[in-house]
């Protein structure tokens, strides 16, 4: 079968024929899925460029099938799945040892030995066919097939927001005087795909949301943010004027994955009882906090929390939110898929795996 393959840690990518795993169907409990489309994300590009040093092929192999975002159609079903149903595979798999993994929550793996499709020890989904355990498959409603590929990155954000709201249960009451979160203010740093998805989820929960970047918004970004009333702030000159206008924030999310020093810029912007969520992976620099800021952190019950992968419940929640956005913000939903490429256009596929388009939210590779 055809697949998109890398040889980590070396840079480069190719589309080639690989051995089909159809003999796996002789193993009781697997479902055969024909892949219809894949999403491309920043992780894929880091692997292709050779910058993601933690990437590991499956044991005994020197090649890795790329990709952790996919939608497919069931060809050989069973175990609760019917032929013709649309499904999405879950990318993170358990270590088989710790309790969290054994109960279906490898996002909290305690051994560090879990597998990640297309990244760590497990072939990914950029291939014609997949033979998978049904517990790692999520059913996709046909009505949202056009944007359902976003459910994988969105699942990570659903888990992140869940973690934040759970952490705020430490406070007797964090809702507003009308029982909602409408009075709570959130700042999302970064207007890339992750930042935009975070902003949309937070608006869905009722937060007032500001999104920041050190450049002006591109036209398509403006169109996406306008309908849900997400406010933009240009942070090129710092955040002083923003705090002056709107006061401090109950929640701040860093999605930039750039300089670690941004953390010390954001900490002073937190409201009492506030949360700073770190989602992006800083690539350089360092940060330090003055002892007075640390004291202030303790006295005012502020926290910093690391945010990571979602699991099956979060994929299901992501699909619910995607369906709701098509009704709540139809114009926004229609702008989320930036480009669609055929797997037969090899040159364009390789180019898209190497470079991100300006203002890109999601590029899809289709296999039909």
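Quick reminder: no glycine exception, Cβ is built from N, Cα and C everywhere.
Since the structure is predicted, the reported quantities are computational estimates derived from the model, not experimental observations.
Neighbour count (other Cβ atoms within 10 Å of the Cβ, all protein chains): 27 for residue 152 (Zn(2+) 1 binding site). Taken from Swiss-Prot, the feature Zn(2+) 1 binding site covers 41, 68, 69, 152.
What Swiss-Prot lists as substrate binding site is 43, 91, 152, 156, 309. If you take the C-beta of residue 43 (substrate binding site) and look for same-chain residues 6 or more apart in sequence within under 8 angstroms, you find 52, 68, 118, 119. Taken residue by residue with DSSP, residue 43 (substrate binding site) is part of a helix.
What Swiss-Prot records for 95, 98, 101, 109 is Zn(2+) 2 binding site, and it gives sequence analysis as the kind of evidence. In the three-state DSSP scheme, residue 109 (Zn(2+) 2 binding site) falls into the coil class.
For 213, 214, 215, 279, 280, 281, 307, 308, 309, 356, the entry in Swiss-Prot reads NADP(+) binding site, with the evidence type sequence analysis. Other Cβ atoms within 10 Å of the Cβ of residue 307 (NADP(+) binding site) number 21 in total over all chains.
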- [ ] Rank the binding-site residues 69, 156 by the number of other Cβ atoms within 10 Å of each Cβ and report the first-ranked residue.
- [x] 69
Task: Other CB atoms within 10 A, centred on residue 95 (Zn(2+) 2 binding site) - done: 16
- [ ] Just report the maximum Cα pair distance in Å for the recorded substrate binders 43, 91, 152, 156, 309, no decimals.
- [x] 13
- [ ] Excluding 41, 68, 69, 152, please set out which residues of the same chain place their CB within 8 Å of the center of the CB atoms of the Zn(2+) 1 site, keeping sequence order.
- [x] 38, 39, 43, 44, 67, 70, 91, 118, 149, 153
Task: Residue among binding-site residues 69, 95, 98, 109, 156 with Cα closest to the Cα of residue 215 (NADP(+) binding site) - done: 156
TODO: Please tell me which one of the binding-site residues listed here (91, 95, 109, 213, 307) sits closest to residue 152 (Zn(2+) 1 binding site), measuring Cα to Cα?
DONE: 91
